[in-house]
Amino acid sequence: MSLNWQIALAVGFGGAFGSILRFYAVLYVQKMEFGSFPFGILFVNIFGSFLIGILYAYFSTNDVSTILKAFLIAGFLGGLTTFSTFALDSYLLFNSSLNFAILNILSNLFGSIFFVLIGFKLTIFIIKLF
């Protein structure tokens, strides 16, 4: 099997796992009493951003196969996090609550970037310990 097919399969399988985890994580978080604010999608986007920070730090300091990188980043994290649902949630919130819409956009944007930074810095710190 050529590397291109192996990468494509890795992305597909990773995406399946990430999507299934996103589905259940969003259901679980949305069962908590937060009203109509889409905390489920916010949670998976921030958590996924934290994980990509960890993986990026690890991959930049270790030799990791292209297939594993594709499985984890493009596949798993691509399936876990979602921008399209975030965009739809924001659009729907604009129709009902401008304040919630703005809160949703800012929380997803800045929360995700912040947790990439936290994941990266934490992983570099841990790598240096060992």
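A Cβ is built for glycine as well, from the same backbone N, Cα and C atoms used for every other residue.
Sequence-distant contacts of the transmembrane segment (7-25) (same chain, six or more residues past either end, CB-CB distance under 8 Å): 40, 43-44, 47, 66-68, 70-72, 74-82. The annotation transmembrane segment is assigned in TrEMBL to 7-25 (among others).
Annotation source TrEMBL lists transmembrane segment at 37-59 (among others).
What TrEMBL records for 71-94 (among others) is transmembrane segment.
If you draw a 10 Å sphere around the CB of Gly78 (Na(+) binding site), it holds 18 other CB atoms from the protein chains shown. The Na(+) binding site annotation in TrEMBL covers Gly78, Thr81.
Annotation source TrEMBL lists transmembrane segment at 100-127 (among others). With a cut-off of 8 Å between Cβ atoms, the residues of this chain six or more beyond the transmembrane segment (100-127) that come close are 36-38, 41-42, 45-58, 61, 86, 89-90, 93-94.
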Kindly assign Gly78 (Na(+) binding site) to one of the three DSSP-derived states: helix, strand or coil.
helix
